[in-house]
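Asks: One structure, as structure tokens, below. Some questions next.
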Amino acid sequence: GLWCCPWSRCCGMGDFRPRTVWLGHPEKREQRYPRNVINNQKYNFFTFLPAVLFNQFKYFYNLYFLLLACSQFVNELRLGALYTYWVPLGLVLIVTIMREAVEEIRCYLRDKEVNSQIYSKLSTRGTVKVKSSGIQVGDLIIVEKVLAPLVLSFPGSCFLRTDQLDGETDWKLRLPVACTQRLPTDLLQIRSYVYAEEPNIDIHNFIGTFTREDGDPPVNESLSIENTLWASTVVASGTVVGVVIYTGKELRSVMNTSNPRHKMGLFDLEVNCLTKILFGALVVVSLVMVALQHFAGRWYLQIFRFLLLFSHIVPISLRVNLDMGKMVFSWMIKKDPKIPGTVVRASTIPEQLGRISYLLTDKTGTLTQNEMMFRRLHLGTVAYGMDSMDEVQSHVFSAYTQVSEAGTSRAPAATKVRKTISSRVHEAVKAIALVHNVTPVYESNGVTDQAEAEQHYEDTCRVYQASSPDEVSLVQWTESVGLTLVGRDQSSMQLRTPTGQILNFTILQIFPFTYESKRMGIIVRDESTGEITFYMKGADVVMAGIVQYNDWLEEECGNMAREGLRVLVVSKKSLTEEQYQDFEARYVQAKLSVHDRSLKVATVIESLEMEMELLCLTGVEDQLQTDVRPTLEILRNAGIKVWMLTGDKLETATCTAKNAHLITRNQDIHIFRPVTTRGEAHLELNAFRRKHDCALVISGDSLEVCLKYYEYEFMELACQCPAVVCCRCTPTQKAQIVRLLQERTGKLTCAVGDGGNDVSMIQEADCGVGVEGKEGKQASLAADFSVTQFKHLGRLLMVHGRNSYKRSAALSQFVIHRSLCISTMQAVFSSVFYFASVPLYQGFLIIGYSTIYTMFPVFSLVLDKDVKSEVAMLYPELYKDLLKGRPLSFKTFLIWVLISIYQGSIIMYGALLLFESEFVHIVAISFTSLILTELLMVALTIQTWHWLMIVGELLSLACYVASLVFLHEFIDVYFITTVSFLWKVTVITLVSCLPLYILKYLRRRFSPPNYSKLTS
């Protein structure tokens, strides 16, 4: 079979053209193909610095400081030492550049690892090893159990695992190109080429032809998806040789992933908005000052000087503080012992985790472990669970020991005796062991080699292979109760009984499972007795009309489905030789017809599917990851709506949703009927609108139609649902749903996934969380946060998300308060001294104020927490409050502005009133009061004390006292030691802080916040 593989990152959609690929001759190409490399980096060596700087200065905030710093080079505008403006700005930029550089280097190393994987290539010199980045279109690659480029396979068929590409768990059968199977010579000796379609994003289709020129006559063969292996898929069995068709950014998996976008947190945008308001205030204050001077002299220069003088209204330290805060939050998440192995890859958005409204999760491997377990066998009158499997075993054993005692040639009993329970169990187990598409494969285990193992049916070497894990779990179960599938080829099957006897069955016909028919059937002949039996298994919906009437099927299927089991109904029908011959003749005839072939074939098969004998129901469970139910419960109580987007089948998805309690017991489920036209979609939406509080289940194709014609109406209805399940979604659709949710609701979304097919969704969401699963690390590498298990998500959001958001909000408002205080004092000072544009505090005092004197206590707010983490997990309702964005809103901002103006005026007027003879004393009194006020305000804001906070407060005070010695040019050291200085400072500080303490106490007393009720 051919496979064709795509590998790298899709940048711009170039002009893609169909191609002719000569087998084993990459040099014969007629166009240039991209290199086979994967590149997930945002920048390269040359664009790094310009791009990072652009990303910084495109925000109003940083641009403002850049202009401010530059203005100091103009002599008329200079207000003091250059370093007062340039040092803080340089610090901000260095921190940012270092952070981005570290993330880029990590990304580069990850890509390098992938690009240097080794493959085997067939060449004229025999087999050579080649790096993934050295693979070219036209190369012949030998593919074993590895990620394969899409190629053409030559030896035998093989199974393929595609869960990384489309999220489907069942294995796919891939076939070789027929005319390459019987080659007398080496592949490189023949002259042949593949004509393939241009690269596109459709992972489910492929069109191409294979031509062999040196044949006589030349051979042409059509190629379809069944002859291909896409990149990001894994060969599950066998070895194939294939020719590379696509490389680099033309790969299907790459064309399905979007470029990583630079994520900007909502919190940062809100802070950006507040700084714009502050800037507005700054301009107004400057104009007022100049107006009060009656626009005398060179007033336009005066405006500029005032702008610079009051520039502290917009605090530059805000950015540094918030960025360092983010680093602390990221470090806390990494170090949390209750969620080990969690990695923060995007340290810029931890606050986003505190405001998620929609959680979009993948199913396979995220909610479920993708391991099937046989749970229940139901015979109508009796059911066997996991604890009573030994009874089944003894029934099977007794059935075969009795048979061998009575001699194999039992005459079928003419009388209709009610069957004993033992024989019914035996019939059911035998049917399950026969009706499937599983092949046992023997591998050498070091002790026995492959041939010997196959000959003796060695148990230790046997591996089952099938297209679906459900089927394997059924066959493994029959093995555990004593009936083992030991051999199978195209036309026969061998079972081994508990007594070690081998039963041979000839496969006469097999009717494979399809999504439309929802059932599979097989007709076998027992070699020992010659009996022909038609066995069938399928979904209860279709089987109910096929089996003989009974009163328990529907009820029991419902019960098992509610427990989250996947139910299959197994039935059989005995055929006489004549009946079978008659059927075969009609079947062959139908298969030869040209018109309506599939319809005619289906009609013939349906003539057999009547009045079948119902044998049993089987229940298989796809095991959930640990603690999925409590985690979903927590998220639901926190007001987060959970949507499940999966590539899997509708029935499976619904089952898992019920099992995980994503859809609660008493909720109705509305399964959206498949729609293809506008009219159908309209009717279906109307039907759905009439239902209230009901979960929605919809398939990808129907979703596509609804979004095409009724995007607004559909999203409006879906957003009101308590839970939504979308099945058979392509990776691009998942990302599209995330984008629509963001646009329609304006709320924050979080996407969780673990496979390569979730990468687009994870990158599109405001917060992408990757789960490191069995499916590989693709998702966790592309995500902003990577966790080891789904259950860690609860703590990540409820505890870390909530804390990060509340702390950042407190921190940002405090930094704004700090700078507004000093600006108010400057304004009062200027207005008292005839609106002179003279700075109140010079050089070092200004820098020291926002750094060394108040930095530690203010920054220690990142350690503050209102409730213990256990309480936050116990009452997820606390999280709901944050969704309204109350910790940082215009209301809280205004309160802080008023506090700042009050305190700034009190301190300045106090200092002016109490100032004695010299100007120096004003500076000393006001500055000391200011520092003390700030430290007291931090103490007022803190809710839970931490030892580092106390250290921070004392350290700041000590720093200030110690530095007074060096600041004699600003402050008179002898004056500070006098009693009058001390009492004046104390009075001013008390007047500025005491009223706030009283207000806080009253507020706590009469309208306490929610969390305080839980802490008391």
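From the backbone N, Cα and C atoms, a Cβ is placed for every residue, glycine too.
Relevant sequence annotations retrieved from TrEMBL are reproduced here:
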ACT_SITE  D362  active site, 4-aspartylphosphate intermediate
BINDING   D362, T364, D754, D758  Mg(2+) binding site
BINDING   D362, K363, T364, E471, F513, K537, R566, T646, G647, D648, R728, K734, N757, D758  ATP binding site
DOMAIN    25-85  domain 'P-type ATPase N-terminal'
DOMAIN    781-1008  domain 'P-type ATPase C-terminal'
TRANSMEM  45-67  transmembrane segment
TRANSMEM  79-98  transmembrane segment
TRANSMEM  269-293  transmembrane segment
TRANSMEM  299-322  transmembrane segment
TRANSMEM  815-835  transmembrane segment
TRANSMEM  841-863  transmembrane segment
TRANSMEM  893-913  transmembrane segment
TRANSMEM  919-940  transmembrane segment
TRANSMEM  947-967  transmembrane segment
TRANSMEM  973-999  transmembrane segment
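What's the neighbourhood like for these features in this structure?
Replies: Neighbour density for D362 (active site, 4-aspartylphosphate intermediate): within 10 A of its CB lie 30 other CB atoms from the protein chains shown.
Looking at the domain 'P-type ATPase C-terminal' (781-1008) alone, the prediction's average pLDDT is 86.
For the transmembrane segment (893-913), the list of distant contacts is 274, 277, 813-814, 816-817, 820-825, 827-829, 832, 922, 925-926, 929-930, 933, 937, 984, 987-988, 991-993, 996: same-chain residues at least six beyond its ends, Cβ to Cβ under 8 Å.
Only residues 6 or more beyond the boundaries of the transmembrane segment (947-967), in the same chain, are considered here, and those with a CB under 8 A from a CB of the stretch are 844-845, 848, 852-857, 859-860, 863-864, 928, 931, 935, 938-939, 973, 976.
If you look at the transmembrane segment (973-999), the same-chain residues 6 or more away from its ends with a CB under 8 A from one of its CBs are 899, 902-903, 906-907, 910-911, 914, 916, 920-921, 924-926, 928-929, 932-933, 936-937, 940, 964-965.
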Asks: Verify whether three or more Cβ pairs under 8 angstroms connect the transmembrane segment (919-940) with the transmembrane segment (299-322), leaving out any pair fewer than 6 apart in sequence.
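Replies: Not in contact, no.
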Asks: Residues of the same chain, at least six outside the transmembrane segment (815-835), with any C-beta under 8 angstroms of its C-beta?
Replies: 274, 278, 285, 289-290, 292-293, 306, 309-310, 312-315, 317-318, 321, 841, 846, 849-850, 854, 858, 893, 896-897, 899-901, 903-905, 907-909, 912, 926, 930, 933-934, 937
Asks: Quick one: do the transmembrane segment (841-863) and the transmembrane segment (45-67) have at least 3 Cβ pairs under 8 Å, skipping pairs fewer than 6 apart in sequence?
Replies: no
Asks: Between the Cα atoms of N757 (ATP binding site) and D362 (active site, 4-aspartylphosphate intermediate), what distance do you get, rounded to the nearest Å?
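Replies: That comes out at 9 Å between the alpha carbons.
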Asks: Taking only the Cα atoms, work out how far D362 (active site, 4-aspartylphosphate intermediate) lies from D758 (Mg(2+) binding site), in Å, as a whole number.
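Replies: A Cα-Cα distance of 7 Å.
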Asks: Which one is it: of the binding-site residues T364, D754, D758, whose Cα lies the shortest distance from the Cα of R566 (ATP binding site)?
Replies: T364
Asks: Taking the Cβ of T364 (Mg(2+) binding site) as centre, how many other Cβ atoms lie within 10 Å?
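Replies: T364 (Mg(2+) binding site) is surrounded by 27 other Cβ atoms within 10 Å.
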Asks: Rank aside, I only need the closest one: which of the binding-site residues F513, G647, R728 has its C-alpha nearest to that of D758 (Mg(2+) binding site)?
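Replies: Nearest listed residue in space: G647.
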Asks: State, in range form, which of 79-98, 269-293, 919-940 has the highest count of Cβ pairs under 8 Å to the transmembrane segment (45-67).
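Replies: Answer, by Cβ pair count: 79-98.
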